[in-house]
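The following features are taken from Swiss-Prot:
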ACT_SITE  95  active site, acyl-thioester intermediate
ACT_SITE  347  active site, proton acceptor
ACT_SITE  377  active site, proton acceptor
């Protein structure tokens, strides 16, 4: 370890298209395949990097069982044919897993334990459902409401506490689909999506190069017809205002600033600040607020300094209170989730942290922005945030 921490930079970031979990293009594609494809793809885009110099792979994944079990990070690296000397570990901080992978890799480089790390994450929610094998200890109910394990009910609770109306949620969800669809049509996702083999409806193989989860036909009127799904009698949260179920993977290539300069690689962003925070599990969706406040303080910046923000859209009823308390509601159209978010693209749990960071970096470049924030809520009451700076 060195005594002085070093600057850590992102030299590239990439993701698969988001596949629909129910009968989508990746229905015959395993989570390891999505991961291995990205690992190979990001290295192919950066031939200056000798794979043997990668110290470790940190890969987020939540449901670590079945095809995602037994250290999927290592399994995917072996499947990709990467040098056997590279280490690999699977990281789990639920929804924040691949952002946690970014933080872990960043710290390893900061302290001098690594020069180059590959980070990312995956979740195939079609093959391994979110609730597969979940078995909470009954004694937890002494400290945590049972409903805190039901994400939709925590969104209902947070929405009620902050007076978020059904209409506001429907408008936010329609915005997500509209912006994601516009981003697709205008090619704004092109640089971040690695075309990935999938199966068409008739079973033939094809290269998927767009997010098939987006519903361009979504309207506020259409959403208003949906029934509340978690609290049918009194609720406001519907399937339409919740993040879609999707399958996908994301990856980022990070290294010390010195190494990037030595290899002649373009520095796309620096990691400027990182934080996690806990909050009441019953309003787990509020986690981005304390996590962002911590990360900004560590970066010596304020929310007003952020030119672009990616706030993971677990639920509209959760995103809006966070945006409100972070002081972002007035600048939504200039700064927040400009290419839509998880309501349109889906929230493959282990993938999303690096996914929103990848989208953020591409948006920062498109807007010639200096600072950006990526933040997300985490089941059972946590938040995670990363502040990025463009050189």
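Yeah, the Cβs are placed from backbone N, Cα and C, and that goes for glycine too.
Secondary structure from DSSP puts residue 377 (active site, proton acceptor) in a beta strand. Mapped onto three states, the DSSP output places the residue listed as 'active site, acyl-thioester intermediate' in strand.
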